[in-house]
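**Q** Below are the structure tokens for one structure; questions will follow.
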Amino acid sequence: MIITTPRFTIIEDGAINKLKDVLKKLNLKNPLVITGKHTKKYCKFPYDIEYYDKILSQTIKKQDYIQYDCIVGVGGGRAIDTGKYLAYKLGVPFISVPTTASNDGIASPIVSIKKPSFMVEAPIAIIADTEIIKKSPKRLLSAGMGDIVSNITAVLDWKLAYKEKGERYSESSAIFSKTIAKELINYVLNSDLSEYTNKLVKALVGSGIAIAIANSSRPASGSEHLFSHALDMLKEKYNLNVNSLHGEQCGVGTIMMSYLHEKENKKLSGLSTKIKESLKKVNAPTTSKELGFDEDIIIEALTIAHKIRNRWTILRDGLNREEAKKLAEETGVI
Ligand SMILES: NC(=O)C1=CN([C@@H]2O[C@H](COP(=O)(O)OP(=O)(O)OC[C@H]3O[C@@H](n4cnc5c(N)ncnc54)[C@H](O)[C@@H]3O)[C@@H](O)[C@H]2O)C=CC1
Ligand SMILES: O=C(CO)COP(=O)(O)O
Ligand SMILES: [Zn+2]
């Protein structure tokens, strides 16, 4: 198995100005930049630029992009994901230039623009300009915490699948992923948050790398992500006008799934409260109301989450409506 991890990772103020140097070091000469309407202002480079929604609205034909030797994604989750997807379709390297820190897609070898998500090459370089990221909407930076606390339940679920189903398990990537989350939670709970953005970016990059090492999203996606994916499905099914973010949904999912783990393992006592407190401290949602969903949708998502994909988790063969309602009530989500 060949593991691809980023060759260059730059996380610092003004990092975006190093794009030219990074391209030179990688011997890449003609990039196409993919961005969004709110982030185009950061693309002050002499390269061709396209909006991600345009790419998503058309069928990608390789011959239309033949002159480009790499793709650079500049923006939030969707811009990065679209750039990664285009690079994969064209068979060229991808450089990730996040302008915020809302999920670990900034460094992961995963494309989730198409459902279900799938593995591709990891970005060849990550250029995270913390000066830009610090100025990004607070809500996106709060959502990033939700995608990090997820690693706690994702790893507990992974170990459970190893024990109960004999699933392949990588202790090194599990420890890496879990430690990243624990450190950020402890920092958030015991500090004035002055270094929060910097630490969050590093945690999300680390989480993406843990996925690359495992060659699976297992270290960062368990039952809490199943719950988030179920909410996305229900948004589509009922045409719901809810603009909750991936990381926000995962954070609320983590509160509930860690509670289920706690009930089976006394050593984990207090875990879900700690996770909830860390989310509250960064102003991330912790209830259905704050997320923007009716209680019934939360309950339905909990009952269908185990069917989203073939991934064994603490949900096992699924929760019925009463169990789901009880879980959401006992954790204060509804
Ligand atoms: N590949 C992976 O592993 C993963 C990928 N994703 C992708 O990420 C998407 C969610 O990403 P999110 O960032 O939560 O939402 P998003 O990308 O839908 O929205 C973020 C919004 O914030 C704006 N924005 C970003 N940086 C900004 C800045 N500096 N200043 C002002 N506005 C800024 C963007 O233009 C966009 O309108 C999912 O739809 C999925 O495509 C999500 C999780 C994992
Ligand atoms: O969001 C992710 C990890 O944070 C990607 O995981 P999935 O495999 O669930 O799409
Ligand atoms: Zn995620």
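Including glycine, each Cβ sits where the backbone N, Cα and C put it.
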**Q** Same Zn(2+) site as Asp147, His246 according to TrEMBL: which of His225, His261?
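**A** Same Zn(2+) site in TrEMBL: His225.
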**Q** Among Ser57, Ser108, indicate the single residue that TrEMBL lists for the NAD(+) site containing Gly77, Arg78, Ala79, Ile80, Asp81, Thr99, Thr100, Ala101, Ser102.
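**A** Candidate in the recorded NAD(+) site: Ser108.
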**Q** Asp81, Asp104, Asp147: which of these binding-site residues has the sparsest Cβ neighbourhood within 10 Å?
**A** Asp81
**Q** With His225 (glycerol binding site) as the reference Cα, tell me which of the binding-site residues Gly77, Ala79, Thr100 is the closest one.
**A** Gly77
**Q** Asp147 (glycerol binding site) to Ser102 (NAD(+) binding site): how many Å between their Cα atoms?
**A** 8
**Q** Can you tell me which of these binding-site residues sit near ligand 1, meaning the Cβ is under 6 Å from at least one of its atoms: Asp81, Ser102, His225, His229, His246?
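**A** So the answer is Asp81, Ser102, His246.
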**Q** If you pair up every Cα among Asp104, Asp147, His229, the residues annotated as binding substrate, what's the maximum separation in angstrom, rounded to an integer?
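**A** About 15 Å separates the two most distant Cα atoms.
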